[in-house]
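Structure first, then comments.
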Amino acid sequence: MIVLVVNCGSSSLKYQLVNMDNEEVMAKGLVEKITLPDARLTHKWNGRKKEIVQPIPDHKVAVKLVLDLLTDPEAGVIKSMKEIDAVGHRVVHGGEEFASSTLITDEVMKALERCSAFAPLHNPPNIIGIKACRAIMPEVPQVGVFDTSFHQTMPPEAYMYGLPYELYKEDGIRRYGFHGTSHRYVADRIAEVMGVKKEDLRIISCHLGNGSSLAAIKGGRSIDTTMGFTPLAGMLMGTRCGDIDPAIVCTVMDKHNLSAQEMDTLMNKKSGVLGISGVSSDFRDLGEAAAAGNERARLALDMFHYQVRKLIGALAAAMGGVDVITFTAGVGENGIEDRVAICEGLEYMGAELDAERNNVRGKDALISTDDSACKVYVIPTNEEIMIARDTKDIVSR
Ligand code: ADP
């Protein structure tokens, strides 16, 4: 079975064509700057790469272009579009409507539109991508895989906020959590790597990238997570502020005469390690600046490490202990010094890094000492393969 995995952003489209007989990635690529005259498509196959720069007015044209390339006599890996058995779409927000991945029907499309209210920046482009694929490949089944659905197993005491109950009932204000596809992949993979059943594990999964979240996964189910109603909550991130005293919002809006939109931009785009350092949202840049003596870059990194460590403690408490801590995504997989700084002081919960083992990037690896009661691992995430697996499962039913 061949599955096309599609991840649409507001001006981008990422894709992977996966042969599900052996989970081999046949081709993958990225379309950027959709709607602009100098849109760019980067297509990779068989160790080769092709770039196309041309105007791409909308996502439908982008999908068409990708399909043309996948079936191109030179750059293609299939003979015709008919070889694609199913398409799996990443969808950011499934609200309470989707506790698992789902076959997309007209009914589901309506539910997706309803969920857009929760993720006005992310869901609409996901929906545009689905519509484009349905229009171009009407015979091919399409599946939606949600960032939120893995966390639908959280108990109410974990997902409710201390606000009037009506806000939950009428407006759906609650913790949803994100990065669910990544946390779910890691939970499956760590059980495989450790050779144990995931039902027997208490995992703290640390997805640390531009956006970061932790999940407490007990017996294979998410029981709590650090992101909330939106992906703004938790530790400070590249440009997002993370958890702050909610009263700060009204105070700053009043004092600086900001609209809700402006305040939202301040917290999502101008805060985090960028806002603190004034240097960059990129952890590599921050590491370099801190090493060169930039104190605000140092502070931003210290805050990030401290907040991750503190949240690990909170999630360990939520599970009554922890058997394994996993690191994934850009910083989690590559940030050797970040992992050291985060784990410093976690010895009380039995987690102790091994300096030599921790000297590793981007591959499955045990990085704790043999004596460490709580194991620590690097597990590179793979959201695309999770989307492809779900898609295969659903269309094979
Ligand atoms: P996204 O959330 O956009 O998917 P990624 O998971 O790709 O983000 O993570 C991006 C972050 O990973 C950037 O801040 C980048 O600096 C960081 N990163 C990548 N390589 C390294 C490295 N070698 N050391 C520290 N951080 C790294």
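Note: Cβ is positioned from N, Cα and C throughout, glycine not excepted.
In TrEMBL this protein carries:
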ACT_SITE  Asp147  active site, proton donor/acceptor
BINDING   Asn7, Glu383  Mg(2+) binding site
BINDING   Lys14, His207, Leu208, Gly209, Asn210, Gly211, Asp282, Phe283, Arg284, Gly330, Val331, Gly332, Glu333, Asn334  ATP binding site
BINDING   Arg90  substrate binding site
SITE      His179  site 'Transition state stabilizer'
SITE      Arg240  site 'Transition state stabilizer'
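This view paints the features noted in TrEMBL onto the structure.
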residue : record                             : DSSP (3 states)
Asn7    : Mg(2+) binding site                : strand
Lys14   : ATP binding site                   : strand
Asp147  : active site, proton donor/acceptor : coil
His179  : site 'Transition state stabilizer' : coil
Leu208  : ATP binding site                   : strand
Asp282  : ATP binding site                   : coil
Val331  : ATP binding site                   : helix
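For ligand 1, the recorded positions lying close by, meaning a CB under 6 A from one of its atoms, are Arg284, Val331; the full candidate list was Arg240, Arg284, Val331. Checking Cα-Cα distances from His179 (site 'Transition state stabilizer') against the binding-site residues (Asn7, Arg90, Asn210, Val331) with a 10 Å cut-off leaves nothing; none qualify. Those residues noted as binding ATP (Lys14, His207, Leu208, Gly209, Asn210, Gly211, Asp282, Phe283, Arg284, Gly330, Val331, Gly332, Glu333, Asn334) have their most widely separated CA atoms at a distance of 24 Å. In the structure shown, the C-beta of His179 has more C-beta neighbours within 10 angstroms than that of any other entry among the recorded positions His179, Arg240, Arg284.
The binding-site residues listed here are Asn7, Asn210; among them, Asn7 has the most other Cβ atoms within 10 Å of its own Cβ. For Lys14 (ATP binding site), applying a Cβ distance below 8 Å and a minimum sequence separation of six or more within one chain yields Val6, Asn7, Cys8, Lys28, Gly29, Leu30, Val31. Here the CA atom of Arg240 (site 'Transition state stabilizer') lies 22 Å from the CA atom of Glu383 (Mg(2+) binding site). Checking each of the recorded positions Arg90, Asp147, Arg240 against Leu208 (ATP binding site) by C-alpha distance, the shortest gap belongs to Arg240. All protein chains included, Glu383 (Mg(2+) binding site) registers 23 other Cβ atoms within 10 Å of its own Cβ.
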